[in-house]
Amino acid sequence: MSKAGRLVVLVSGSGTNLQALLDASADPSYGARVVAVGADRDGIAGLDRAEKAKVPTFVEKLADHPSRAEWDDALAARIAAYEPDLVVAAGFMKILGEPTIGAFPVVNTHPALLPSFPGAHGVRDALAHGVKVTGCTVMLADSGVDTGPIIAQEAVSVLPDDDEASLHERIKSVERRLLVDIVGRMVREGWTVSGRVVRIGNQTGGESK
Ligand code: GRF
């Protein structure tokens, strides 16, 4: 079997998506392993999960840099040091700049069915809009807010008594499974992007645009 794909996972919070990737990569047949976890803040459960799994971590805070551009450069350099095949933004609450998205393929996950309800409050906004079906989207990151080419989506029904927390929890259990599945398939099978259409497979690895 070929060498496991190298994943750098970026987190800002509880890191349950990260945990799902860590758990999946314990099986060599998954084909990918988490080589580092980066964050934009400290004191978060996501970093604790990485440390528990003995995965190296790094923190690059925006406030520690004179400008956003310098933070973008510093973050990209931290990521590059781990030579990732794929970067996974798993609940990373910052827009990634050109130094990162120009250098690495980045998979992002969002708790709504894009292009509806992008941004930091996708669950709250869907609920407030009164939709009866929402879900999650796994996409390639680009320079916009949740605007990149969609790789996979799955629907989740909104229940009459849902609040933001209950709905988000149900979405997250679907999201974790979808993210693990898609990341593994991308690393094992490769992918292509044609316009906005992403296709997994028919490649021995890597990306062609
Ligand atoms: C996920 O729903 C992600 O899509 C959103 O924040 C949540 C992160 O959850 N941006 P976790 O930190 O992986 O538990």
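Placement of Cβ uses the backbone N, Cα and C atoms for every residue, glycine included.
Here is what TrEMBL records for this protein:
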DOMAIN    6-182  domain 'Formyl transferase N-terminal'
BINDING   Gly15, Thr16, Asn17  N(1)-(5-phospho-beta-D-ribosyl)glycinamide binding site
BINDING   Arg68, Met93, Lys94, Ile95, Leu96, Asn108  (6R)-10-formyltetrahydrofolate binding site
ACT_SITE  His110  active site, proton donor
SITE      Asp146  site 'Raises pKa of active site His'
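Feature annotations (TrEMBL) mapped to structure.
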residue: Gly15; record: N(1)-(5-phospho-beta-D-ribosyl)glycinamide binding site; Cβ within 10 Å: 23
residue: Thr16; record: N(1)-(5-phospho-beta-D-ribosyl)glycinamide binding site; Cβ within 10 Å: 18
residue: Asn17; record: N(1)-(5-phospho-beta-D-ribosyl)glycinamide binding site; Cβ within 10 Å: 25
residue: Arg68; record: (6R)-10-formyltetrahydrofolate binding site; Cβ within 10 Å: 12
residue: Met93; record: (6R)-10-formyltetrahydrofolate binding site; Cβ within 10 Å: 13
residue: Lys94; record: (6R)-10-formyltetrahydrofolate binding site; Cβ within 10 Å: 17
residue: Ile95; record: (6R)-10-formyltetrahydrofolate binding site; Cβ within 10 Å: 17
residue: Leu96; record: (6R)-10-formyltetrahydrofolate binding site; Cβ within 10 Å: 22
residue: His110; record: active site, proton donor; Cβ within 10 Å: 25
residue: Asp146; record: site 'Raises pKa of active site His'; Cβ within 10 Å: 22
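The secondary structure of Thr16 (N(1)-(5-phospho-beta-D-ribosyl)glycinamide binding site), as reduced to three states from DSSP, is helical. Residues belonging to the domain 'Formyl transferase N-terminal' (6-182) score a mean pLDDT of 98 in the model. With respect to ligand 1, the recorded positions Gly15, Thr16, Asn17, Ile95, His110, Asp146 contribute Gly15, Thr16, Asn17, His110 as residues with a C-beta closer than 6 angstroms to one of its atoms, given in sequence order.
Restricting the recorded positions Gly15, Thr16, Asn17, Asp146 to those with a CA within 10 Å of the CA of Asn108 ((6R)-10-formyltetrahydrofolate binding site) leaves Asp146, listed by sequence position.
In sequence order, Asp146 are the recorded positions from Gly15, Thr16, Asn17, Arg68, Leu96, Asp146 with a C-alpha within 10 Å of the C-alpha of the residue listed as 'active site, proton donor'. Checking each of the recorded positions Arg68, Met93, Ile95, Leu96, Asp146 against Asn17 (N(1)-(5-phospho-beta-D-ribosyl)glycinamide binding site) by C-alpha distance, the shortest gap belongs to Met93. Using a 10 Å radius centred on the Cβ of Asn108 ((6R)-10-formyltetrahydrofolate binding site) and all shown protein chains, the other Cβ atoms total 25. On the backbone, the CA of Leu96 ((6R)-10-formyltetrahydrofolate binding site) and the CA of Thr16 (N(1)-(5-phospho-beta-D-ribosyl)glycinamide binding site) stand 20 Å apart.
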